[in-house]
Amino acid sequence: MQCGIGHLPGGCQRTMGLHCVLILCLFSGWAVGYKQGENVTLYVNKVGPYHNPQETYHYYTLPVCRPEKVHHKSLSLGEVLDGDRMAESLYYIRFRENVEKKTLCKLTLSEKQVDELREAIEELFYFEFVLDDIPIWGFVGYIEESGFLPHSHKVGLWTHLDFNIEYNGDSVIFANVSVKDVKPVPLEEGAGAAVGVVGVGGGSLTVTHTYSVRWFESPLPHARRAERLRDYSFFPKTLEIHWLSIINSLVLVVLLLGFVIIILMRVLKNDFARYNVEEEGGCDDLDQGDNGWKIIHTDVFRFPPYKSLLCAVLGVGAQFLTLATGIIFMALLGMFNVHRHGAINSAAIVLYALTSCVSGYVSCSFYTQINGQRWVWNIILTSSLFSAPLFLTWSVVNSIHWWSGSTQALPATTVLLILGAWVLVGFPLTVIGGIVGKNRAGSFQAPCRTRNIARQIPTQPWYKHTAVHMAIGGFLPFSAISVELYYIFATVWGREHYTLYGILLCVFAILLSVGACISVALTYFLLSGEDHRWWWRSVLSTGSTGLFIFVYSVFYYRNRSSMSGLVQSTEFFGYSLLTAMVFSLMLGSVSFWASLAFIRYIYRSLKMD
């Protein structure tokens, strides 16, 4: 069953209907059985430059064979977000019936249309068809350049396609197209010369498109057909599993964590032994000759400035932590196989809406604990902290896609659906979570009293400044994921199918562990210098990992990809900024809670009244 995003039913305007649409869009699709001779619909989908995966256009924007009336397939939410625009084709394919060079159509191309095809071929346009949820890729034409003097530049159009389809029982297992032993039709300047199936007349070309279909039996069952698609290599396989690099990274990170934990525990043990020599005396009667983190016990729990913004960061960070964990576990359960077009996009939208209650609860709960008064404003800030930048970035990117005619531009019905998911699900759940968090919030639980007058902070050495802590706290977590980050970028901004979800879960856990440990260590160094301004510093220290990720995205764009053009560049850098923001919020939240737990522990362990 498919969710018709292009033709939304009236009930989808209601809250319950919206829930149903989101759930159906996420879990749609099942095995289809065919009888001998039954029609197998082939959908044409999109075309685009080979090196710009996100710059795609409808297949029928090219001067190709098309029916008199185009019938589009109802698509799921994830498929629309992926830029899919499937439409029925003129190819007539029957299950397990071979076809030898059947005429598809005869086209008379004007000189302008020939130039359009030539330009598309020179930009390495490839097409994508879909047969029983199986993507089929092929190039629109052929280009060859040779020699220097004289220079040869040949452009040819493929007018014949051989469809090779594999089946098992009554199921389609795999399909692809081949142009082997097919001669391309040359598209020369000025509409070319008559060659084979091409006729010249008044600057126009008459081209006859044909196709063949061949069926092959496969031993692979339908349940494992995703393996066959993963082994197919129309796009180059750039992802080789570098197990040694991954293991080396994991070992280094584990050793780093071990050293940090051991050294910090030994230092703390010495501090406790020194500070707890005298067991008598209250919290306010400590020896003023002491130095280090003990002497600022009356200031360390002094609430920071910009309480509402801090709590919003913690709430949204907790939401993305929940969302990322849910996505990874759903992937481990096999919910994102290669035949579910855009399933991960649908899952991300559904989970983002449903986990909004987490951000509201965490933000308002902590905001109430630190004596925040404007909790309504806190809820509004929490709900818009990420959604506002997301909407602004999407508006710019979508406008450029719409201006260029790309299928990545979302139709109005999809925009209304996503907006409805936020208005009817996301925002209300944020409010509900905020109300529950406010009502269930307890006291802050500070081990020591805070004096009215803050203690003067001594001058700090350069290595304890915020910028240095951000550089250290951001680089170490980034180094823990640097190997895996390339795989993720090649999946998101390329055409690879990510399958290493078990390794991804391990890397994700190590990333959070490194962020927490580094934050604790940096917080200890900060407090040992008698600087009690740890609140925002703990968020910024490992939250700066997002900056390193954005710098890596620039490096990936320039050195690891062949992407170019306004459309592709705008989408890449716009969403890379949002990705960096997500990592900053998520790691900033983790590092703050780790630092808070650490500070409560060390001051509670002191023998003070």
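Backbone N, Cα and C atoms are what each Cβ position is placed from, and that goes for glycine too.
Per TrEMBL, the feature transmembrane segment maps to 243-265 (among others).
Annotated transmembrane segment per TrEMBL: 309-336 (among others), in sequence order.
Using a Cβ-Cβ cut-off under 8 Å and counting only residues 6 or more beyond its ends in the same chain, the transmembrane segment (342-363) has close neighbours at 22-23, 25-26, 76-82, 84, 311-312, 314-316, 318-319, 322-323, 326-327, 330-331, 335-336, 378-379, 382-383, 418, 421-422, 425-427, 429-437. As annotated by TrEMBL, transmembrane segment applies to 342-363 (among others).
As annotated by TrEMBL, transmembrane segment applies to 375-397 (among others). Same-chain neighbours of the transmembrane segment (375-397): 308-309, 311-313, 315-316, 320, 356, 359-360, 363-364, 367-368, 408, 422, 426-427, 430-431, 434, 438, 570-571, 574-575, 577-578, 581-582, 585, counting only residues six or more beyond its ends whose CB sits under 8 Å from a CB of the stretch.
What TrEMBL records for 409-436 (among others) is transmembrane segment.
Positions annotated as transmembrane segment by TrEMBL: 467-489 (among others).
Here TrEMBL flags 501-527 (among others) as transmembrane segment.
According to TrEMBL, the feature transmembrane segment maps to 534-557 (among others).
Only residues 6 or more beyond the boundaries of the transmembrane segment (577-603), in the same chain, are considered here, and those with a CB under 8 A from a CB of the stretch are 268, 271, 293, 297, 300-301, 313-314, 316-318, 320-321, 324, 385-386, 389-390, 393, 445-448, 473, 477, 511-512, 515-520, 523-524, 527, 534-535, 538-547, 549-550, 553. The transmembrane segment annotation in TrEMBL covers 577-603 (among others).
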Within the same chain, the residues 6 or more beyond the ends of the transmembrane segment (501-527) and with Cβ under 8 Å of it are 246, 250, 253-254, 256-257, 260-261, 264, 267-268, 292-293, 296, 300, 321, 324-325, 328-329, 331-332, 464, 469, 472-473, 476-477, 480-481, 484, 488, 533-534, 537-538, 541-542, 545, 587, 590-592, 594-595, 598-599
Residues outside the transmembrane segment (309-336) whose C-beta sits under 8 Å from one of its C-beta atoms, at least 6 past its ends, are 27, 343-344, 347-348, 351-352, 355-356, 358-364, 366-367, 370, 372, 378, 381-382, 385-386, 501-502, 504-505, 508, 512, 535-536, 539, 582, 585-590, 592-593
